[in-house]
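Record features (Swiss-Prot):
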type	residues	note
BINDING	HIS19, HIS147, ALA374	anthocyanidin binding site
ACT_SITE	HIS19	active site, proton acceptor
ACT_SITE	ASP116	active site, charge relay
BINDING	THR279, ALA334, HIS351, ASN355, GLU359	UDP-beta-L-rhamnose binding site
Amino acid sequence: MDSASRQHVALIAFPFASHPGNLFAFARALAAAAPDITFSFLTTTFAAATLPPAPPAANLRLCHVADGVPEGGLPPGTTIHGRIGMFLRATPGNFRDGVRAAEEEVGVKVSCVVSDAFLWMTADVAEEIGAQWLPLWTCAPAALLAHVSTDQLRERFGVEKQATAGWADELVDFIPGLSCLRIRDIPDEIVTNWHSDLSILLHRMGNQLTSATAVALNTFDGLDTTIDAALASLFKKTLPIGPLNLLSSPPPLQPGDEKCLSWLDGQEDATVAYVSFGTMVLMPTQSDVSEIAQGLESSGVRFLWSLREEARAGLLPPGFLERTAGRGLVVPWAPQVRVLGHRAVGAFVTHCGWNAVMESVTSGVPMACLPSFADQKTNARMVSAAWGIGEALRGEKVTKEEVVRSMEIVMMGEEGRRMRERIGNLREKAAEAVGPGGSSSENFKSVLEMVRGTAN
């Protein structure tokens with residue numbers, strides 16, 4: 001096929017937390033469905049190292065872009081927010097350079113730019129080269145609706161923490177789709193931490209997305225029809241294509257994975273609480289780890305806890321591992337998708353990032369939510385108050401008593417049984433959506449048509 005008839009698509013990742021992995025899963029699905037198109041995946045060297053180890057498709061290429069880190073390396077004490085700021089100051093020039101380099105290497109001009117929705121400036125990059133722009137929102141639909149409604153929320157409640165404190169329990173019932181959320185559940189970047197680099201980025205994003213031809217979403221029809229309708233009224237077109245975790249097979253087992261899976265094999269059905277807060281989350285505090293440990297011990301439930309070695313050392317209460325050895329297992333890492341799909345797991349204790357929520361839903365496992373930052377508070381509220389598939393932390397701090405209470409509700413009580421029934425129904429809807437003829441499958445076909453330039 002000559003270069004005049006070939007097509008070239010650039011995918012541009014927001015290189016932090018779970019964002020690169022989500023866009024990469026999407027990229028692999030696109031590459032598998034369109035083997036005649038070349039896909040160039042643009043991300044930083046650091047983020048590329050976090051992607052799944054399995055080799056990509058022959059028509060999917062990894063391309064590195066500048067991350068904004070000074071030549072001498074990161075200054076001592078640089079936080080994740082500092083790294084985000086450095087990266088954003090390198091944009092959009094690094095994207096222009098990356099697209100130009102990809103075009104030279106492939107020998108074909110880019111005709112479509114698919115980006116993480118966070119990166120609103122990629123719309124300008126696409127326009128400059130005459131390509132269409134398709135943003136993918138990988139987080140919760142409720143969080144997206146909140147970000148698009150930033151100006152309304154700030155006008156109503158202000159932006160300073162001291163000003164919004166008195167509104168903490170006020171319902172956001174004046175925005176269709178967010179009526180069950182309280183101000184305390186809204187992402188900090190909207191109403192308190194408004195001057196940060198990330199807040200400015202997301203505010204601009206909320207304004208830019210309304211001009212996109214379509215916005216692809218990591219959700220599925222039937223999860224929340226009210227939010228779906230609200231987003232559909234704000235954007236030119238919405239394309240729910242999720243859950244993204246169902247677009248690809250679980251990663252291959254790593255050395256040591258069999259230990260926790262074998263341990264689960266020896267447990268009764270739905271008797272184990274799986275505890276994990278992700279691999280990219282900020283280091284938990286000693287107080288949080290200690291309170292969770294005490295809560296698990298006092299609750300009497302069986303548990304599998306994925307806790308990194310550096311978080312475990314010196315943070316667990318003295319003697320905890322010995323006292324719970326008969327009914328608990330603490331491991332440095334666990335194959336989460338496989339663990340959640342195991343018959344023995346009856347609850348997921350999570351910070352409630354959107355990936356975790358989707359993996360829990362598609363496994364049919366109710367959640368005990370201990371949110372920490374970003375959209376986690378929003379997700380926890382939706383899980384507990386809107387969908388009834390989990391129990392959320394009461395108050396702002398993790399306590400032993402809250403862990404015990406959530407375990408009793410999710411693992412032992414009648415409400416826990418109803419949660420399992422509700423999340424089981426959502427699991428079926430998610431499977432139907434990505435199945436043959438399902439809504440997400442059909443929307444994915446629409447994305448392919450956009451990528452090919454054949455959409456109406």
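Cβ atoms are placed via backbone N, Cα and C, with glycine included.
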HIS19 (anthocyanidin binding site) versus recorded positions ASP116, ALA334, ASN355, GLU359 - nearest by Cα: ASP116
Cβ neighbour count (within 10 Å, all chains shown) around GLU359 (UDP-beta-L-rhamnose binding site): 22
DSSP state at ASP116 (active site, charge relay), helix/strand/coil: strand
Farthest-apart CA atoms of HIS19, HIS147, ALA374, residues recorded for anthocyanidin, distance in Å: 17
Separation of alpha carbons, ASP116 (active site, charge relay) and HIS147 (anthocyanidin binding site) (Å): 15
Cβ neighbours of HIS147 (anthocyanidin binding site) where a neighbour is any other Cβ within 10 Å: 25
Surrounding CB atoms that lie within 10 Å of the CB of the residue listed as 'active site, charge relay', all protein chains: 25
All-chain count of other Cβ atoms within 10 Å of ALA374 (anthocyanidin binding site): 21
Shell of the anthocyanidin site beyond HIS19, HIS147, ALA374, same chain only (C-beta within 8 angstroms of their C-beta centre): PHE118, CYS139, ALA143, PRO187, GLU189, LEU198, LEU202, ASP375
Rounded to the nearest Å - Cα separation of ALA334 (UDP-beta-L-rhamnose binding site) and ALA374 (anthocyanidin binding site): 24
Cβ neighbour count (within 10 Å, all chains shown) around ASN355 (UDP-beta-L-rhamnose binding site): 22
HIS351 (UDP-beta-L-rhamnose binding site), number of other Cβ atoms within 10 Å: 23
Cα-to-Cα gap, ASN355 (UDP-beta-L-rhamnose binding site) vs ALA374 (anthocyanidin binding site), nearest whole Å: 13
Candidate recorded positions ASP116, HIS351, GLU359, pick with smallest Cα gap to ALA374 (anthocyanidin binding site): HIS351
Nearest-integer angstrom distance between the alpha carbons (Cα) of HIS351 (UDP-beta-L-rhamnose binding site) and the residue listed as 'active site, charge relay': 22
Pairwise CA distance, GLU359 (UDP-beta-L-rhamnose binding site) versus the residue listed as 'active site, charge relay', rounded so that it is a whole Å: 20
